[in-house]
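Taken from Swiss-Prot, the feature substrate binding site covers Arg87, Arg97, Arg121, Asp211. The Mg(2+) binding site annotation in Swiss-Prot covers Asp211, Asp235, Asp239 and rests on sequence analysis. Residues or ranges marked as NAD(+) binding site in Swiss-Prot (evidence: sequence analysis): Gly271, Ser272, Ala273, Pro274, Asp275, Ile276, Ala277, Gly278, Gln279, Gly280, Ile281, Ala282, Asp283. Swiss-Prot lists Tyr128, Lys178 with the feature site 'Important for catalysis', giving sequence analysis as the kind of evidence.
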Amino acid sequence: MKLAVIGGDGIGPEVTAEALKVLDAVLPGVDKTEYDLGARRYHATGELLPDSVIDELRAHDAILLGAIGDPSVPSGVLERGLLLRLRFELDHHINLRPGRLYPGVSSPLAGNPDIDFVVVREGTEGPYTGTGGAIRVGTPNEVATEVSQNTAFGVRRVVVDAFERARRRRKHLTLVHKTNVLTFAGKLWSRIVAEVGRDYPDVEVAYQHIDAATIFMVTDPGRFDVIVTDNLFGDIITDLSAAVCGGIGLAASGNIDGTRTNPSMFEPVHGSAPDIAGQGIADPTAAIMSVALLLAHLGEDAAATRVDRAVERYLATRGNERPATTEVGERIAAAL
């Protein structure tokens with residue numbers, strides 16, 4: 001396995017180091033190449049993501065990312081020039097966000113309900129394509145537009161992926177959208193879900209408006225198995241799912257090219273947290289959980305299961321203790 005590692009900014013390098021510690025324990029001998037991308041490189045060279053680096057990344061089987069973002073760089077520069085460019089250049093059209101409440105982890109929901117679902121979010125379309133503009137900027141007559149692009153090709157491939165995951169899980173899929181208002185995109189999504197669903201007669205299909213889905217995620221999260229949704233709604237609902245599952249510090253993610261033409265990228269979603277960077281207190285659990293997703297994607301199912309179970313054992317016994325960053329990695333690696 002050839003793995004590209006992008007530590008990135010803030011706590012990114014710290015949590016990534018612990019994730020690699022666990023990876024080495026469960027699957028020794030992975031060929032790792034580290035890439036200096038993020039705020040430091042931007043300040044030193046003015047570069048965000050050179051074409052030559054993109055070409056090098058394509059030669060790897062997967063990418064492990066720590067975090068991107070730094071207050072010394074204007075908002076949007078790193079996000080669009082590095083993060084979004086990676087996702088678009090490498091065709092990461094599936095954003096995978098598992099939502100599971102592990103034993104021993106407290107949820108803000110009463111009674112610590114049984115929560116185990118996955119959100120399959122479209123990752124390269126919607127309003128994140130940068131299509132739009134503004135005229136008469138700074139005047140009382142300013143007009144700004146953001147265009148949400150949805151293609152049959154793009155929707156179909158993420159819907160097929162979601163149905164495949166539902167078939168392997170509890171055989172239930174929920175489309176989340178706002179079809180009563182966003183009628184053009186809504187009809188496209190609804191039609192394709194219905195068309196693809198005919199090939200999966202064993203999977204039950206439901207629909208929820210995005211506003212209703214947020215209510216049920218709080219009041220009845222057990223109803224969800226696989227959620228499929230567009231880029232914007234997925235961005236919102238996945239952070240809510242992280243909150244009900246114990247916090248964003250336990251949220252892992254995968255940015256996946258379902259065709260496997262390009263390497264998929266796996267990362268914790270907690271951000272760079274520059275306020276605690278270098279203090280040795282960042283929780284690397286989400287980065288380690290992202291390694292489990294990475295292993296599963298590459299067909300290393302046994303190793304992925306071992307990491308997931310080691311994380312589960314660690315969380316079940318952690319209680320209110322908040323160990324140092326390196327200690328978390330050592331404990332989970334030892335549990336393997």
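The count begins at 1 with the first shown residue.
Even glycines carry a Cβ here, placed using N, Cα and C.
What Swiss-Prot annotates, mapped onto the structure for a quick look.
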| residue | record | Cβ within 10 Å |
| --- | --- | --- |
| Arg87 | substrate binding site | 18 |
| Arg121 | substrate binding site | 27 |
| Tyr128 | site 'Important for catalysis' | 20 |
| Lys178 | site 'Important for catalysis' | 20 |
| Asp211 | substrate binding site | 10 |
| Asp235 | Mg(2+) binding site | 17 |
| Asp275 | NAD(+) binding site | 9 |
| Ala277 | NAD(+) binding site | 18 |
| Gln279 | NAD(+) binding site | 12 |
| Ile281 | NAD(+) binding site | 14 |
Binding-site residues considered: Asp239, Asp283; fewest surrounding Cβ atoms within 10 Å belongs to Asp239
Just counting, how many other CB atoms are there within 10 A of the CB of Arg97 (substrate binding site)? 23
Within 10 Å of Ala273 (NAD(+) binding site), Cα to Cα, which of the recorded positions Arg97, Tyr128, Asp211, Asp235, Asp239 are there? none
Using a Cβ-Cβ cut-off under 8 angstroms and a sequence gap of six or more, which residues of the chain neighbour Gly271 (NAD(+) binding site)? Gly10, Ala67, Gly69, Ile248
Enumerate the residues of the same chain, Asp211, Asp235, Asp239 excluded, that satisfy the criterion Cβ within 8 A of the mean position of the Cβ atoms of the recorded Mg(2+) site; list them in sequence order. Ile210, Thr214, Leu232, Phe233, Gly234, Ile236, Ile237, Thr238, Leu240
By CA-CA distance, flag whichever of Arg87, Arg97, Tyr128, Asp239 among the recorded positions is nearest to Ala277 (NAD(+) binding site). Asp239
For Asp211 (substrate binding site), find which of the recorded positions Tyr128, Lys178, Asp235, Ile281, Asp283 come within 10 Å, Cα to Cα. Lys178
Looking at the binding-site residues Arg87, Arg97, Arg121, Asp235, whose Cα is closest in space to that of Ile281 (NAD(+) binding site)? Arg97
Helix, strand or coil by DSSP: which one applies to Ile281 (NAD(+) binding site)? coil
